[in-house]
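What follows is one structure encoded as structure tokens, with my remarks underneath.
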Amino acid sequence: FRPFATQVKPCGRLVRPVAPTRIPGRYLSHQEGLPKLPVPSLQQTCERYLAILEPIVDEEELSHTKELLAEFQKAGGVGERLQKGLERRARKTENWLSDWWLTTAYLDYRMPVVVHSSPGVVLPRLEFSDRQGQMRFAAKLIAGVLDFKTMIDNETLPVEYLGGKQLCMNQYYQVLSSCRIPGLKRDSVVNHAHRSRPPAHITVVHNFQFFVLDVYNSDGTPLTVDQLYMQLEKVWSSSLQTNKEPIGILTSNQRNSWGKAYNNLIKDKTNKDSVQAIQKSIFTVCLDAPMPCVSDELYRSRAAVQMLHGGGSRWNSGNRWFDKTLQFIIGEDGSCGLMYEHAPAEGPPIVSLIDHVVEYTKKSEMVRTPMVPLPMPLKLRFNITPEIKKDIEKAKQNMNIMVHDLDVKVIVFSHFGKNVPKTHKMSPDAFIQMGLQLAYYRMYQRCCATYESASLRMFKLGRTDTIRSCSIDSANFVKAMDDPSKQKIEKVTLLEKAVKAHRAYTDMAIHGQAIDRHLLGLKLQAIEDLTSMPEIFMDTSYAVANHYNLSTSQVPAKTDCVMCFGPVAPDGYGVCYNPMAEHINFAVSAFNSCNETNAAHMAQRLEEALLDMRMLLESTPKAKL
């Protein structure tokens, strides 16, 4: 699952290193063998939709929705017609959902990508505290990413499996040399990796100044760690001025505003060339100024916001190009991680790349290379007109508002990891999700719509569907947990039942049988057919079901890192977790502008819920259930 490339060393000094042979079509032949995403049956989705509504809407709304669904499913009615349209689309396309999903979930979305869409990843803190250490690590990291890129280019990435089934590897081919482009009403994504002359440079940004750094020698071999270090030193010493306009902060704005500013910015040829150099680059490396010092306990939470938004216009928010798919962030103070623009890929391929790179940076360094003088990295120039300056000032204000509004709490839950649920024969993911349900219920005395992402990569071009963690079974468990009239054995039975139900829904989702993308497909089919919108989509229940007070994701990694993202509802939480063998890394986010939510309280309640669940299991004698 976590691939490593074996490098062939040249035997004699005069022999030119040969790149591994490309086996054409290996990736394609693998992709061709993948099944197509199915369209679930209409009746099944309608039944399951009612079941997920039960714990989150009141009886009156539920009975109204039942009537609407009965009408929708009538033979020869609207539902059947839309279902047939969807099945036709599935026959004609490689994946009936993927284009629609990319557009509706990402490219049509007009909120800033910062906080609202792009996840960040915090890597373990590094041991350096000066710029030499920062440059040294950055050089190794770049070499590690290029090593991973070789496997992508040569199509030698080991295929991943889930439950014995091959997974779609397409997302790996979308993350490098790609970038989001703002539009006035809809964005687009451009991928330069598949051009006849793919990019051979990365962009490095320091003190808000961008540089093009060529990472391959003239014979096509990647620069060594030493060479990269020398080039980064040159970048550093030619960007010491700190009074530069933070042009990159424009990319943090609301998408329509940025689209307008973008069209204005690229009217100038110098600006257009500079922007294109950033868009075409393989990835971006952000060499950050140190952030304000905090205690060790608060460090991870501070690092998380640095990865998500850079800390505001006074700190590193201008040291980014937020539209770039992949940005590695290395601070002078040892903070390290990345952020990625979500449109081209989900978390797992990014984490796979991280695991490879982190492992690569730990290797002892290669023998020093004879130094061939390398050209100075090219500094990108921008002509700032008064209008662009005004756009930058506005973007700074908006960014600082976002920074003050986002509250992130990262905790290392050190009491146990995957080991405890496993000893009780429970899925660790389902166990953690029930902990979240319990924590939320204890805080608000109600259940809420909960989103957990499920991978659809068993299917060609598959992205995600929703695991609905809040179920009738989870509701029964959380209500019983603190009820003194209930026996422990009954609580254990309800917990086991809730965990099994979650496991079953997960299984259903990864096999393309969940309800959310199917319902979305039916809705989009109605829009495409120009028919009036079916009432089930105008219904209060549909709005409640899609208002996720808990938006969650399990992103497991070998590396002791944690991914983080903002909430998707103004009164919601974003919760991401990486379960390790004996501890769990959690990132919980909320908005300060909402009085009802508090990231630290939620993190605290989550910790208590997991401990109480373990105690319940360990203090209840094993009965024959």
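Note that Cβ sites are derived from N, Cα and C of the backbone, with glycine treated the same way.
Note that the coordinates shown come from a computational prediction; the quantities given were computed from them, not determined experimentally.
Straight from TrEMBL, the features:
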- His342: active site, proton acceptor (ACT_SITE)
- Lys418, Lys422, Thr423, His424, Lys425, Met426, Ser427, Pro428, Asp429, Ser455, Arg503, Gln554: CoA binding site (BINDING)
- Tyr451, Ser453, Thr464: (R)-carnitine binding site (BINDING)
- 37-608: domain 'Choline/carnitine acyltransferase' (DOMAIN)
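Same-chain neighbours of the (R)-carnitine site beyond Tyr451, Ser453, Thr464, judged by a C-beta within 8 angstroms of the site's C-beta center, are, in sequence order, Glu452, Ala454, Asp465, Thr466, Ile467, Ser551, Ser553.
Between the binding-site residues Lys418, Lys425, the minimum number of other C-beta atoms within 10 Å of a residue's C-beta occurs at Lys425.
Within 10 Å of His342 (active site, proton acceptor), as judged by C-alpha distances, no binding-site residues are found among Asp429, Ser453, Thr464, Arg503. Other C-beta atoms found within 10 angstroms of the C-beta of Thr464 ((R)-carnitine binding site) number 23, with every protein chain shown included. On a Cα basis, Ser453 ((R)-carnitine binding site) lies 13 Å away from Arg503 (CoA binding site). For Lys418 (CoA binding site), none of the binding-site residues have C-alpha atoms inside a 10 Å radius of its own C-alpha, out of Tyr451, Ser453, Thr464. Site extent for CoA: the farthest pair of Cα atoms among Lys418, Lys422, Thr423, His424, Lys425, Met426, Ser427, Pro428, Asp429, Ser455, Arg503, Gln554 sits 26 Å apart. Cα to Cα, Ser453 ((R)-carnitine binding site) and Asp429 (CoA binding site) are separated by 12 Å. Summarising the environment of Asp429 (CoA binding site), the number of other Cβ atoms within 10 Å of its Cβ, over all protein chains shown, is 22. Set side by side, the binding-site residues Thr423, Ser427 differ in how many other CB atoms lie within 10 angstroms of their CB, and the most is found at Ser427.
Residues belonging to the domain 'Choline/carnitine acyltransferase' (37-608) score a mean pLDDT of 92 in the model.
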